[in-house]
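So that you can see what the record holds, here are the features copied from TrEMBL:
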BINDING   A:CYS16, A:CYS20, A:CYS23  [4Fe-4S] cluster binding site
DOMAIN    A:2-220  domain 'Radical SAM core'
Amino acid sequence: MTEAPLGLLAELTHRCPLHCPYCSNPLELAGRSAEMTTDQWRDALSQAHELGVVQMHFSGGEPLARRDLPELVAHARGLGAYVNLVTSGVGLTGDRARALADCGVDHVQLSLQDADPARADRIAGARVHTAKRRAAQAVLAAGLPLTVNVVLHRANIEHTGEIIELATALGADRIELANTQYYGWALRNRGALLPTPRQLAVAQQAVEQARTRYTGRGPELVYVVADHYADRPKPCMHGWGSRQLTVTPTGDVLPCPAAGVITTLPVENVLRRPLARIWYDSRAFNAFRGTGWMADPCRTCPQRHTDFGGCRCQAFQLTGDATATDPVCTLSPHRRLVDALLTEDAAPDDTSQPAFVMRTQTAS
Amino acid sequence: MTGPLDTGSPRLRPGVRLTHDHVRDTDMVLLPEGVLVLNETAAAVLGLCDGRRTVAQITDVLRERYDGVRAEDVTELLADLAERRVVSLGDRQGAGLDDPAGVRPDD
């Protein structure tokens, strides 16, 4: 039986002052005029609440780019939802942080690109690192708990130790270090982002050292592994259509933030159909629920209830078949596709840094 | 040896909120990156973690409400919730202040 969703990822806008090449937003970004209005977002949030969503993640793009963010936060909090703001921190002044806290933000996730300002700004494609440090102070001064998010890739992963130190000094209660997932702009830049095995070992060691150092105190450290190097796939979304849904700036409703890449699935939209109908009845949300859709080797695999066959989007992107086993799995007949990527893009002795294709609103 | 579980006054960590979900008719704790569904015991214990009551006082209140409350069960539950970063145990009785936000690496 299908259970109600717990979480909503509300991608309020694709507009963003940063141009990070690892962004998982789609290559075709929605412009301001295509975004849902305040009333449409309010209605979507209310529908999500009625459906059973208790946690709302306000993200983007940069959610602060929406002038109505305080209204939407207040609406979500008025529904009783936990409000998590996922932000680059650009524009998050002390006043704005206090106002958002008053409106009901429960927690802030602030992204950093690297520890060193010049390197961080190069990855962001904008001079923003200093503003982010001020944003962290503004979050703490507003009395809000802070998670620092860092996406790791070839250009910053060797600085994992420094990044942890900086995030800790900035007052993070939680540090999330996530190896890049290859969707959207990140897929476009995969050749420049995939870390080498040596780099991964450096990061792993830095995380372990920090964990030892902070045992019983200090921030919580979350490290998301580089799944191309794993031999079993990630339990993507804890299963398709099981816990969370994503609403994009234009109102498209997706089982995961990347699901738009699966072109064989119809795309639902909250402006055209009630959210509850989309969650329970739509073909898109039911396509990979449970285990009935699985082919070999997943179908009989004892791991199928814990990894759910891995990521449907990755299976589709690499094999063209969204029902295939995630090719990351060494039991997949397509694992050689992932091995080939690792050999071509991340040879152990390759220290070159190919140019990034920076995320821009107009490129496609 | 005494520790926070003997002397401390547990409270919800910053960014943690208790709620009753009407869709599922259940108590939940909402965390920065997740949700814990609570049974009645856990909900009762967490409802008493106000940063002032000690673990012993929490146990006393529970005994007024329920039969057969064992101190070691309360202690074990709170240790588990501390491990999951739901509560901080606090080692200063009656402390109402938040943890210092910035723990420096070399402190």
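Positions of Cβ are set from backbone N, Cα and C atoms, glycine also.
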In the chain carrying A:CYS23 ([4Fe-4S] cluster binding site), residues 6 or more apart in sequence that have Cβ under 8 angstroms from it: A:CYS16, A:GLY184, A:TRP185, A:ALA186, A:ARG359
Assigned element (helix, strand, coil) containing A:CYS23 ([4Fe-4S] cluster binding site), judged by DSSP: coil
Output field, [4Fe-4S] cluster shell: CB within 8 Å of site CB centroid, site A:CYS16, A:CYS20, A:CYS23 dropped: A:LEU18, A:HIS19, A:TYR22, A:ASN25, A:GLY61, A:SER88, A:ALA124, A:TRP185, A:ARG359
Per-residue pLDDT averaged over the domain 'Radical SAM core' (A:2-220), given as an integer: 96
For A:CYS16 ([4Fe-4S] cluster binding site), the number of other Cβ atoms found within 10 Å of its own Cβ: 23
